[in-house]
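A.B. asks: Here's a structure for you.
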Amino acid sequence: MSSTKQRVCVIGSGNWGSAVGKIVAQNVQNFPDLFEQEVRQWVFEEDYNGEKLTEVINREHENVKYLKGIKLPHNIVAVPDVVEASKGANVLVFVLPHQFVRGVCEKMKGHVAHDARAISLIKGLDILPEGITLFSEEIGRILDINCASLSGANIADEVAQEKFCETTIGCRSVEDGETFFKLFHTPYFRVNVIRDYVGVELCGALKNVVAVGAGLSDGLKYGSNTKAAIIRRGLMEMRKFGKTFFGGVESETFFESCGVADLITTCSGGRNRKVAEAFVTSGKPIDVLEQEMLNGQKLQGTLTAAEVHEFLTARKMVDEFPLFNTVYRVIYEGAHPESIVRDI
């Protein structure tokens with residue numbers, strides 16, 4: 001194969017990672033002069049009915065555990081070792097839980113191609129009292145490469161079923177943006193590339209806090225008008241947060257798929273809304289609901305609400321973000337759920 005062809009590696013293989021792997025593996029076939037045809041996907045090895053999950057995926061061409069019923073292209077190959085999967089890769093697609101990013105990148109360091117570039121599909125931020133780190137920046141720092149971001153109103157099962165939706169790619173490099181467009185754009189997965197990668201990532205994380213607020217409203221049976229008000233106020237606080245703490249974040253980004261569209265989708269469905277509704281109706285604490293409803297996985301919205309509150313407290317700016325603050329107080333301080341309309 002020509003050395004100018006790009007080798008693509010997908011890092012992660014859950015529900016969303018498998019749906020994305022399907023898109024990427026299909027699209028490289030449309031550009032045989034640009035991409036090598038084999039797409040390696042790092043799969044965290046698990047047991048599935050007495051077999052290794054990677055072996056089942058490669059035989060059945062289906063992630064039977066996380067995306068059952070959806071056939072994957074034959075040119076995608078599941079690899080259990082992340083170093084082997086990413087060896088010599090020019091294009092890295094990160095779509096894994098954010099808590100594994102640093103460890104995985106440290107293992108990959110020195111094994112990817114010298115001209116590699118990456119894109120992060122991870123919805124979350126690393127928020128500490130002293131500052132906020134974007135995962136695209138963390139990936140870029142550890143691997144010493146440029147890293148773009150992708151986020152949008154993209155429910156994995158619907159994308160895998162090829163139901164129409166839009167997504168947003170934030171990328172500083174025009175050349176890299178063109179590559180990522182070819183890698184992700186399809187008639188059913190409509191891509192728009194913008195330069196504001198910071199705004200794209202912020203939207204993907206902060207919308208989960210707003211979705212918790214929407215879920216509290218649903219639990220109280222407040223109806224569509226109330227939820228619309230929470231969504232609108234949440235969007236305003238998301239924009240204010242981005243423009244206050246990050247230079248260069250553009251207002252237009254919040255009207256992309258990564259912004260208002262993803263916010264609407266998450267506040268209409270999604271785990272953050274669903275668990276927050278149960279928090280009101282059941283009276284059970286969040287950690288119990290996580291065990292019962294999410295098989296022990298952590299809820300992103302409540303975690304981000306706590307991190308945002310700590311960050312704002314350190315700057316004495318909590319009162320400037322009343323919706324974010326109210327979500328935090330209801331979940332962590334025992335404030336009555338009705339505060340979601342009374343105190344915002």
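Any Cβ shown, glycine's included, is placed from N, Cα and C.
TrEMBL entries are annotated by machine, without manual review.
TrEMBL feature annotations, pasted as is:
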- 8-173: domain 'Glycerol-3-phosphate dehydrogenase NAD-dependent N-terminal' (DOMAIN)
- Gly12, Ser13, Gly14, Asn15, Trp16, Gly17, Phe44, Phe100, Ala156, Arg271, Lys298, Gln300: NAD(+) binding site (BINDING)
- Lys123, Arg271, Asn272: substrate binding site (BINDING)
- 196-341: domain 'Glycerol-3-phosphate dehydrogenase NAD-dependent C-terminal' (DOMAIN)
- Lys207: active site, proton acceptor (ACT_SITE)
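Have a look at these and tell me how they're positioned relative to everything else.
C.D. replies: Listed in sequence order, Ser13, Pro80 are the same-chain residues six or more apart from Phe44 (NAD(+) binding site) with CB atoms under 8 A from its CB.
In the shown protein chains, 25 other C-beta atoms lie within 10 A of the C-beta of Lys123 (substrate binding site).
The C-beta environment of Lys207 (active site, proton acceptor), restricted to residues of the same chain at least 6 apart in sequence and closer than 8 Å, consists of Gly234, Met238, Gly259, Asp262, Leu263, Thr266, Cys267.
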A.B. asks: Out of Arg271, Lys298, which has the highest number of nearby Cβ atoms, where nearby means within 10 Å of its Cβ, if these are the binding-site residues?
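C.D. replies: Buried the deepest by this measure is Arg271.
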A.B. asks: State which of the following binding-site residues has the fewest other Cβ atoms within 10 Å around its Cβ: Gly12, Gly14.
C.D. replies: Gly14
A.B. asks: Counting across all protein chains shown, how many other Cβ atoms sit within 10 Å of the Cβ of Trp16 (NAD(+) binding site)?
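C.D. replies: Here the count is 22.
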A.B. asks: Can you work out the mean pLDDT of the predicted model over the domain 'Glycerol-3-phosphate dehydrogenase NAD-dependent N-terminal' (8-173)?
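C.D. replies: Taking every residue of the domain 'Glycerol-3-phosphate dehydrogenase NAD-dependent N-terminal' (8-173) together, the mean pLDDT is 95.
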A.B. asks: Please report the number of other Cβ atoms within 10 Å of the Cβ of Ala156 (NAD(+) binding site).
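C.D. replies: The Cβ of Ala156 (NAD(+) binding site) has 18 Cβ neighbours within 10 Å.
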A.B. asks: At a 10 Å cut-off from the C-beta of Asn272 (substrate binding site), count the other C-beta atoms across all protein chains.
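C.D. replies: Total other Cβ atoms inside 10 Å, all chains included: 25.
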